[in-house]
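Asks: Here you go, one structure.
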Amino acid sequence: MSLKPTLLLILDGWGKAPAGPGNAVTLAGMPHLSSLLRQAGCTELACSGRAVGLPEGFMGNSEVGHMNIGAGRVVYQDMTRIDIAVERGELASNPALTGLFEAVRATGGRVHLMGLLSDGGVHSHIAHVEALALAARDAGVEVVVHAFLDGRDTAPTSGVGYVKRLASFLESNRAGRIGSLVGRYYAMDRDKRWDRNLLAWAMLTRGEGAPADDPVGAVEAAYAAGETDEFVKPRVVVEGGSPIGTIRDGDGVFFFNFRADRARQLSHMFVDGTFEHGDRGHVPSLAGFATMTSYDPALGLPVAFDKQPLDGTLGEVVANQGLRQLRIAETEKYAHVTYFLNCGREEPFPGEERRLLPSPRDVATYDLKPEMSAEAVTDTLLEEWAGGGYTLAVCNVANLDMVGHTGVIPAAVRACETVDACVRRIADAVLASGGRLVITADHGNAEELLDESGNPQTAHSMNRVPFTVVEQGRVHTFREGGVLGDIAPTILGLWGVPASAGMTGTSLITE
């Protein structure tokens, strides 16, 4: 099959924003890139929030951006998938939950919901706990919540607010009670410090911990003792001197964290029959144990939101056509044009070549060398383009993002100037060879280096990113309202190659 060679050039951190003192892109001018956009026309793509499968209002990032580009669809992250299920009222019918509820009803036990109680959105979200409690209540199951306090992805003493919110919610909806509380330092260790987990285990299964009459009082007592959320020692809610929420034989447990790394060890303690890292004492014979996402396939547990297969990616479609493709970047972004663009696949596809150029190691921060390795990446790219016989090449240029993260505006301007010079060389070579140049970004950064108060902003922006297609003798018209997941179908459409069945994105070109 003979198709026009196409280079997808991802200018990492290149967003669109009004000119201003914090916009390194407009301060630099980037005349060569600006000229291409004027000549070829362009559109802007959403690259944050729900547009890339993140929760609404969350900024995009390089990992998510490249996955969406490579997948040719919106790749919903775990938290967003759960949010959508809650919004649609689908959580209560999830098989992992209905199976657990049924098993607990059969034994006459209770369901214990355990996990990180906050709205940090890194490991869990309090809204998910509330929805789970309602689902269990509606299924006729008694609910006990075991709250692991955050203080790391949230303020150090914000935990009492989350406990108040949940306790009030459970009481007003008659949907259960909070039975115990402990800091994530103990319940969510991931570094094999099993002594910490064993303290949380003793609280959960034996009711060991400082007693309290109510959960809010338990947190306030911890604060009075000088403990902050992350480090709150086990606290148990008691009535008549006895813990109200101990996990017993015949009960069921649902671990509601959606991030796996800090939920894995405690889960092993409940289900691993060969546990050898300390004395657990009596291990409850549970009616069931289920988790929000897959923490470890070896556990063999029911999972509410298992990993989504991402077949039919851009790289796979190209490989299935028997075509050669190139991935190239410097170290800082190499994983993004390989592993993440291939949606979690480590090994190259047949016909996929990879070129890694080392990022500078002679500086501590890239504001001291804003050129990074862009010139070496460009040199190698053009050598490969001239002689490699590739139908698709994907190149990431890292400067605008990595220098943007330093917040040093003069350095970011220099990074933009460097990238602009590389774009000129790349465009000249691609067009002279009769190829096609697709230019875009994964998220913004360098265009917004000051916040509304004029203070340095080093995080990614929420801005849209430009998208254009440049080729000799043809000017395209682009639609509005696109997302990163539309890029792969656009490239395939230009070749006349059908998008894969899994690609839900649509072409950005109208004519």
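All positions are counted from 1 along the displayed chain.
Placed from the backbone N, Cα and C atoms, the Cβ positions cover glycine too.
These figures come from a predicted structure and were not determined experimentally.
Feature annotation from Swiss-Prot assigns Mn(2+) 2 binding site to Asp12, Ser62, Asp442, His443; the stated evidence is sequence analysis. Marked as active site, phosphoserine intermediate by Swiss-Prot on the basis of sequence analysis: Ser62. Marked as substrate binding site by Swiss-Prot: His123, Arg152, Asp153, Arg184, Arg190, Arg259, Ala260, Asp261, Arg262, Lys333. As annotated by Swiss-Prot, Mn(2+) 1 binding site applies to Asp401, His405, His460.
Neighbours and distances for these, please.
Replies: Around Asp12 (Mn(2+) 2 binding site), the same-chain residues at least 6 positions away in sequence with a Cβ under 8 Å from its Cβ are Ser62, Lys333, His336, Asn396, Val397, Ala398, Asn399, Leu400, Asp401, Met402, Ala441, Asp442, His443, Asn445.
Mapped onto three states, the DSSP output places Ser62 (Mn(2+) 2 binding site) in helix.
Neighbours of Ala260 (substrate binding site), defined as other CB atoms within 10 A of its CB across all chains, total 17.
In the three-state DSSP scheme, His460 (Mn(2+) 1 binding site) is classed as coil. Proximity of His460 (Mn(2+) 1 binding site) to non-local residues of its own chain (separation of 6 or more, Cβ distance below 8 Å) is seen for Gly13, Ser48, Met59, Gly60, Asn61, Asp401, His443, Gly444, Asn445, given in sequence order.
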Asks: What's the CA-CA gap between Arg190 (substrate binding site) and His405 (Mn(2+) 1 binding site) in angstrom, rounded?
Replies: 28
Asks: So which other residues, same chain and not among Asp401, His405, His460, have a Cβ within 8 Å of the centroid of the Cβ atoms at the Mn(2+) 1 site?
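Replies: Same chain, not in Asp401, His405, His460, Cβ within 8 Å: Asp12, Gly13, Ser62, Leu400, Met402, Gly404, His443, Asn445, Ala446, Thr458, Ala459.
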Asks: Could you say which of the binding-site residues Arg190, Arg262 has its Cβ with the most other Cβ atoms inside 10 Å?
Replies: Arg262
Asks: Counting Cβ neighbours within 10 Å across all chains shown, tell me which of the binding-site residues Asp153, Asp401, Asp442 comes out on top.
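Replies: Ranked by Cβ atoms within 10 Å, first place goes to Asp442.
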Asks: Could you find out if DSSP has Asp401 (Mn(2+) 1 binding site) as helix, strand or coil?
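Replies: Where Asp401 (Mn(2+) 1 binding site) sits, the three-state DSSP reduction gives helix.
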Asks: Rank the binding-site residues His405, His443 by the number of other Cβ atoms within 10 Å of each Cβ, and give the residue at the low end.
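Replies: Per-residue Cβ counts within 10 Å for the binding-site residues His405, His443 bottom out at His405.
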